[in-house]
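Q: Following this message is one structure expressed as structure tokens.
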Amino acid sequence: MADTMKEKTGSPGQDGQPPLTEKVDLSIMAPALPTAETENVVMRDGIRVHPQPTADPLDPLNWSSFQKHSILAIIMLKYFLFTYLTTTTVASFPDLQEQYNISYAQVNWTVAIPALGLAVGPLIFSSLADIFGRRVVFIFGTVMAFAATIGAAKAPDYGGYMAARFFQGLGVSPGSTVGLAAINDMFYEHQRGQKIGLWVLAIDSGLLVGPIIGGFMNIVSPAWVQWLTAIFFGLLLILELLFMPETLYPRNHMLSQLPLATASDEAGVDIEKVGRRRSDAAAVNLPRTKKLPYINYKPVPGMRHPKVYDSIIRFGLTFKFLAVSIAIFAFCFLWYWWILSVITMLPAAYIDYKPQIQGLLFVGLLLGTLFAEVFLGGHLSDILCARLAKRNGGVRVPEMRLWLIYPAGVLSAIGLIVWGISVDKGYHWIVGQIAFFLFAAGIQMGNTVVCAYVVDCYPLQSMSIITFYAVLLNLSAFIDPFFIAPWQLGSGWTWCFAAQGIIVLVGALPVFALLHKYGPTLRSRTGTPTWVNPEFDSLS
């Protein structure tokens, strides 16, 4: 794929953006397709859309809004269970300690172990999903998680329980990378912020709803916390089998066969006017999406596939692309992992409350998450980027996403500091709820912004980028429970959580400010990856 370079000069400080005086790889912003045959492009508001649509009704971009959002709902349910299963046992900590005769630190590890499975899974399943498709990997993972959940409910000892918890996380892990890949298959770049925001809402709400439901299920028994989770996985499996078609589409190959804009058309066609320019898709004899076998066990035709181990190799190579690696490292290890500090330490902070009441204390976190997504999340990010792109001569730059990172970091820092003080001083529980609301709102905003930003940096390599993100995010969630209890015991509630808030303010936010200014330069100097997603990589 040939790189397209352009010298773009902007006014210093125009619209708060850093002046774009360096050479910028336009394939990062509005990626060109790897084929030279398609000269005409589909536009929206004067900006080239990505991915470029075909005239094929089997193209996921052309499916009805209802079907696309139904599939999105299934993906969100899986991503919700991705974290729900990790934290739903929090309210059962005292019973698990008694059942398995373990310490509080050891029971904390029951939250960490599923996160390890969530971190390992993307390295295994990402390439498989690029070879055999999204659907079969989703179904296989759900079956694994379903079986492991039954094992966790019946585990006779601590070792068996921990093994089952690991495979729970491994089985549900396709909800991250494969789920976002399916979203990218169905939606355009200018819709990405909102859809990623909903996807992030699923993972963040799963973290918080888990303890609420788990607290009430614990009234029956700790085992029934797992049995209810098994029921959820059974429901998910039915939905995947009945309502989730394959979304991996040989886009590059089909664009050469069924372009929406023909040679006689104008160079730029508005996306709202291309419906009348359909051609005969039946002329292309290639099984794809809904025409693939019900359970597909062969490589999806019409594209070049990665090797099974390529996801591991590409994970290592992604460290080179500093705009992505720095953003993800800063978010995961200077910001995001503090949510595990709050979740795992809440039972110890409110030790006098019953498990059911402890579960209800997660409501503040849940409300903050929902508020941020509705009013401050992905849709607002899309609107902001669209306006800034118009003011920047129609050129969309990934750093336009980062304006929302600053209020997000401030909200999270304030929430952490206030909560630590409220526990130490014994303030009324409502103070802690307000702190939780602020903290969760900041986490939701930050997570949405970072995900959208790193995908916008390299949209043709979105699977590898999100694999990198998912591995490090869940690795941070795996590590945190091992050190948070000793840290709190040694420093006290105030300084333990105030330090976390300060790290967000003086650690994470300055890093993102530097990325905001120098991100285009970093991408220009590090270049683009030598691989692309299979849908953009034809066999010829």
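Each residue, glycine too, has its Cβ placed from N, Cα and C.
Given the structure is predicted, the values throughout are model-derived calculations rather than measurements.
As listed in TrEMBL for this protein:
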{"type": "REGION", "residues": "1-21", "note": "region 'Disordered'"}
{"type": "TRANSMEM", "residues": "71-91", "note": "transmembrane segment"}
{"type": "DOMAIN", "residues": "71-519", "note": "domain 'Major facilitator superfamily (MFS) profile'"}
{"type": "TRANSMEM", "residues": "111-129", "note": "transmembrane segment"}
{"type": "TRANSMEM", "residues": "136-153", "note": "transmembrane segment"}
{"type": "TRANSMEM", "residues": "165-184", "note": "transmembrane segment"}
{"type": "TRANSMEM", "residues": "196-217", "note": "transmembrane segment"}
{"type": "TRANSMEM", "residues": "223-244", "note": "transmembrane segment"}
{"type": "TRANSMEM", "residues": "317-339", "note": "transmembrane segment"}
{"type": "TRANSMEM", "residues": "359-381", "note": "transmembrane segment"}
{"type": "TRANSMEM", "residues": "402-421", "note": "transmembrane segment"}
{"type": "TRANSMEM", "residues": "427-454", "note": "transmembrane segment"}
{"type": "TRANSMEM", "residues": "466-486", "note": "transmembrane segment"}
{"type": "TRANSMEM", "residues": "492-515", "note": "transmembrane segment"}
Q: Is the count of Cβ pairs under 8 Å between the transmembrane segment (317-339) and the transmembrane segment (136-153), pairs 6 or more apart in sequence, 3 or more?
A: no
Q: Quick check: do the transmembrane segment (359-381) and the transmembrane segment (223-244) share at least 3 Cβ pairs under 8 Å, counting only pairs 6+ apart in sequence?
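A: No, the transmembrane segment (359-381) and the transmembrane segment (223-244) are not in contact.
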Q: I'd like to know the mean pLDDT over the domain 'Major facilitator superfamily (MFS) profile' (71-519).
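A: Here the predicted model's pLDDT, averaged over the domain 'Major facilitator superfamily (MFS) profile' (71-519), is 88.
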